[in-house]
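A.B. asks: Sending over a structure as structure tokens; questions will come in a sec.
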Amino acid sequence: MTGLPFPSVRGESRAPEGTVGLPDQLGRVARDLRVSVTDRCNLRCRYCMPAEGLPWLAKPEMLTDDELVRVIGVFVGLGITQIRLTGGEPLLRRSLVDVVRRVAALEPRPRIAMTTNGIGLDRLAQPLADAGLDRVNVSLDTIDPQEFADLTRRDRLHDVELGLKAAAAAGLAPVKVNAVAMRGINDHSVGDLLQWCLDRGYELRFIEQMPLDAQHGWDASTMISAEEIRERLGERFELTPLPAADRGSAPAERFLVDGGPFTVGIIASVSAPFCAACDRTRLTADGQVRNCLFSQRETDLLGPLRAGATDEELAALIQGEMWRKAPGHGIGTADFVQPDRPMSAIGG
Ligand code: SAM
Ligand code: SF4
């Protein structure tokens, strides 16, 4: 393959003969597949993309719908029970409703979720729900129009609000909202965002900013930590931690807000990583399997698939990629190297 904008190292590895499902050498088993259906986006969030100039994948380098559904079917055969469609902005893939319908027809039927910036969801929420989408996370970092425009570099807050409303109306419940706080941009309005979500019944989760931006501008010293979010929210709301036993492999620490019933989640992906309980794997829009957001290597399925590989051969490649999964992401250690692919091309 030539001309790819994200030149990650490609390489194969093998799981032991007779391996069933998607275990790694530490005993973790992947059950949750994140699928990036496009690397394109209509926003330019500062923690994700540069203001301009990020090259998109060329269409011939991307999995077609038939290829995508076939590969997802191979993952389902390997024990994946949850598919999350993401990107880039997944709603920009024109065939998305059809892809959801076809994934929902797989046996055993996986649960299907999507992470979206919400733009266009006002039109697509109902068709997606009808096609089999079960749940949605909408990314929204602030409800202040000026802060929104500053953070995303686009004036589209109203579209996101309409998208959220449509998701709730289509029954994609519980509607979750994902937020990243950036110092000096939206860190002082986290309480306003929580109140806004509580008023509408949306479940808010904050996530620490990770070093996955295309421009490699992440800086540990400016990151707003989970602890800091908790302190800021604590100035305005009473937060009661829910028992850790309720958490499983879910990364968010959850708190009852003002005695409940609503909750807020805080994901300390950098300061208190949950790698030891990780059950995720990832497929990029150009057919690469990644065992971690932070992998330096990935396994190519697109080439073998187009060269006539059988489902069993694709399954063995996927198992090999999972087998070599590292114990943790290593952010903050001396050896940490940010991956070539940005979040928008891996799939968040
Ligand atoms: N465009 C869709 C969206 O924004 O929801 C889906 C793709 S986006 C890459 C998926 C999630 O990753 C979003 O919730 C976004 O806020 C989050 N994200 C992007 N870059 C991030 C970063 N550097 N650190 C933490 N989260 C990030
Ligand atoms: Fe686009 Fe999502 Fe990245 Fe924002 S976080 S630029 S919406 S892909």
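Glycine residues also receive a Cβ, built from the backbone N, Cα and C atoms like all the rest.
Remember, TrEMBL labels are computer predictions, not curated facts.
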A.B. asks: Taking TrEMBL at its word that ARG34, ARG84, THR115, ARG280, THR281, ARG282 bind GTP, choose the one of LYS165, LYS176 listed for that site.
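C.D. replies: Candidate in the recorded GTP site: LYS176.
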A.B. asks: Identify, in sequence order, the residues in the chain of THR281 (GTP binding site) that are 6 or more apart from it along the sequence and have a CB within less than 8 Å of its CB; answer 'none' if there are none.
C.D. replies: LEU22, ALA30, ASP32, LEU33, ARG34, PHE75, ILE80, VAL289, ARG290, ASN291, ILE318, GLU321, MET322
A.B. asks: Please list the binding-site residues from CYS48, THR115, SER139, CYS275, THR281 whose Cβ falls under 6 Å of any atom in ligand 1.
C.D. replies: CYS48, THR115, SER139
A.B. asks: With CYS292 ([4Fe-4S] cluster 2 binding site) as the reference Cα, tell me which of the binding-site residues CYS41, CYS48, THR115, SER139, ARG282 is the closest one.
C.D. replies: ARG282
A.B. asks: Identify which of the following binding-site residues, namely CYS45, TYR47, GLY88, MET210, place a Cβ less than 6 Å away from any atom of ligand 2, and list them by sequence position.
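C.D. replies: Among CYS45, TYR47, GLY88, MET210, near ligand 2: CYS45, GLY88.
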A.B. asks: With the [4Fe-4S] cluster 2 site defined by CYS275, CYS278, CYS292, which remaining residues of that chain have Cβ atoms positioned within 8 Å of the Cβ centroid?
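C.D. replies: Going along the sequence, the neighbours appear as ARG28, PRO273, PHE274, ARG280, ASN291, LEU293, PHE294, LYS325, ALA326, PRO327, GLY328, HIS329.
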